Amino acid sequence: MKNLVRWLFSTNHKDIGTLYFIFGAIAGVMGTCFSVLIRMELARPGDQILGGNHQLYNVLITAHAFLMIFFMVMPAMIGGFGNWFVPILIGAPDMAFPRLNNISFWLLPPSLLLLLSSALVEVGSGTGWTVYPPLSGITSHSGGAVDLAIFSLHLSGVSSILGSINFITTIFNMRGPGMTMHRLPLFVWSVLVTAFLLLLSLPVLAGAITMLLTDRNFNTTFFDPAGGGDPILYQHLFWFFGHPEVYILILPGFGIISHIVSTFSGKPVFGYLGMVYAMISIGVLGFLVWAHHMFTVGLDVDTRAYFTAATMIIAVPTGIKIFSWIATMWGGSIQYKTPMLFAVGFIFLFTIGGLTGIVLANSGLDIALHDTYYVVAHFHYVLSMGAVFALFAGFYYWVGKIFGRTYPETLGQIHFWITFFGVNLTFFPMHFLGLSGMPRRIPDYPDAYAGWNALSSFGSYISVVGICCFFVVVTITLSSGNNKRCAPSPWALELNSTTLEWMVQSPPAFHTFGELPAIKETKSYVK
């Protein structure tokens, strides 16, 4: 009973962070299962495992996207690492609003249940994660499935907005003495920018899906041309949220990678201020490029020219970050421990994803590539090998701090190599499929595409072996037989750590700081 009360009513940022991690792991496993079902269906031409039920295929696609985005990456990155480490890194005793933190988490399980219900009632919600009308309208999806998905989004959106308010307040008001804004660790900066993006973009999504809800149930015509509405309005509203959302997913990863590259190169991050302002620029520009998802809906040519140019400009701050990471490693004594492997893998694969993004930014090219597997390849390189690699990197980097036990290094490296090989084998062939015109979200395809699809499906099976490896690592780390206690700083940073988390014991006390730490200097590494 005491344990139940501790976890149910917890107001401790570390406990809530741990809950977010557990939740993210569960949702991630579900999302992975759906993705494997998708790849099994696409392994060869013709109907494979779904018996010709093509609506079910689209339900799988939709559920896979929602699970991975709203219930895996966001809870783990912002809720997990954010809650665990933002207060510690800024020298705060806890979050600004501990009970708000609790409700932010507990809104997510009901939201997840609503999402799963939407896949299970009637014929499910086969709209894709974009939920475009008229397909999501009452005529095309007559049951309650889409309504359940909308309520699910509302709940997880409220959760994220409350969490954002909490992070913004905490970072602005609860920094320890001497912790100026320009001394904040980069992970804290990344969470701050992310919180602002969430706060500004989610209300727009809420408005769009509420209008969709009334269109479906109360006979309004916001998105119905018959009553003077316009389905393109929905697309504008959705992508005004949807584009900042993809930066919300990757920015905390940028912060994690900066910490890891710095630690394992044995030198401070190259161009700290440049890194900070690059993240802020990405955040601002992220709101100015949404219509590049809509080049095929008949936008004016001048509009397309603007969105092409603006999208390419986002590559500049992103490039600054990539080159700063490389410059940080340049001339350092690099240790290739598991977190560093994932970080280097992140930089390499995220760069490939970014380059295909530059290709897609060209409105002329995008008209040919829109809704093909080229787009799927692009955003999976950014997410499946960007956000997810950053999550794994952060896990291996901080797992000793969180649990107070060290992970098995060899097994961690095996996990990295299997995953690296698997995800590349899955998503690289998709570029070729897209360039030869294979459309997204279609469960069958001409025989000409069979070769690359077979390879891609094989890669996804390898990735699953990698995930299993990861859970073996977690099990071994947490098992009672693991006597390898973790030092306050497992990466030997006691003398020259530039961040606070390595100054406290592993795991940190229930109340991290007996007295607030005073920060004198954050830049120098003692050699």
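Cβ coordinates come from backbone N, Cα and C, glycine included.
Note that the structure is a prediction, hence the values are computed from the model and not measured.
Over in Swiss-Prot, the protein carries these features:
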TRANSMEM  18-38  transmembrane segment
BINDING   GLU41, GLY46, PRO443  Ca(2+) binding site
TRANSMEM  66-86  transmembrane segment
TRANSMEM  103-123  transmembrane segment
TRANSMEM  148-168  transmembrane segment
TRANSMEM  186-206  transmembrane segment
TRANSMEM  237-257  transmembrane segment
BINDING   HIS243, HIS292, HIS293  Cu cation binding site
TRANSMEM  269-289  transmembrane segment
TRANSMEM  312-332  transmembrane segment
TRANSMEM  340-360  transmembrane segment
BINDING   HIS370, ASP371  Mg(2+) binding site
BINDING   HIS378  heme a3 binding site
TRANSMEM  379-399  transmembrane segment
TRANSMEM  414-434  transmembrane segment
TRANSMEM  458-478  transmembrane segment
Report task. Counting other Cβ atoms within 10 Å, pick out the least crowded of the binding-site residues HIS292, HIS293, HIS370, HIS378. Result -> HIS370
Query raised in the report: Among 103-123, 269-289, 379-399, 458-478, which stretch has the most Cβ pairs under 8 Å to the transmembrane segment (414-434)?
Result: 458-478
Query - Two-stretch contact, the transmembrane segment (269-289) and the transmembrane segment (340-360), at least three Cβ pairs under 8 Å - result: no
Query - Rounded to the nearest Å - Cα separation of HIS293 (Cu cation binding site) and HIS370 (Mg(2+) binding site) - result: 8
Query raised in the report: Taking contact to mean three or more C-beta pairs under 8 angstroms, with sequence separation of 6 or more, is the transmembrane segment (379-399) in contact with the transmembrane segment (66-86)?
Result: yes
Query raised in the report: Under a Cβ pair cut-off of under 8 Å, which of the recorded stretches 66-86, 186-206, 237-257, 340-360 contacts the transmembrane segment (312-332) most often?
Result: 340-360
Query raised in the report: What does DSSP assign HIS378 (heme a3 binding site), in three states?
Result: helix
Report summary line: Residues outside the transmembrane segment (458-478) whose C-beta sits under 8 Å from one of its C-beta atoms, at least 6 past its ends, are 29, 32, 35-36, 39, 43, 392, 399, 403, 405-408, 411-412, 414-415, 418-419, 421-427, 429
**Report entry** Near-site residues: Cu cation, ref HIS243, HIS292, HIS293, CB cutoff 8 A to centroid
**Finding:** TRP239, GLY242, VAL289, TRP290, ALA291, MET294, PHE307, THR311
Report task. Using C-alpha positions only, work out which of the binding-site residues HIS243, HIS292, HIS370, ASP371, HIS378 is nearest to GLU41 (Ca(2+) binding site). Result -> ASP371
Query raised in the report: Highest CB neighbour count within 10 A among the binding-site residues GLY46, PRO443?
Result: PRO443
Query raised in the report: Can you name the far-off residues of the same chain, 6+ from the ends of the transmembrane segment (18-38), with a Cβ under 8 Å from a Cβ of it?
Result: 7, 10, 49-50, 57, 60-61, 63-64, 67-68, 71-73, 75-76, 79-80, 83-84, 105, 108-109, 112, 402, 460-461, 464, 467
Query - Residue from HIS243, HIS292, HIS370, ASP371, HIS378 whose C-alpha is spatially nearest that of GLY46 (Ca(2+) binding site), among the binding-site residues - result: ASP371
Report task. Would you find the one among the binding-site residues GLU41, ASP371 whose Cβ has the most company, meaning other Cβ atoms within 10 Å? Result -> GLU41
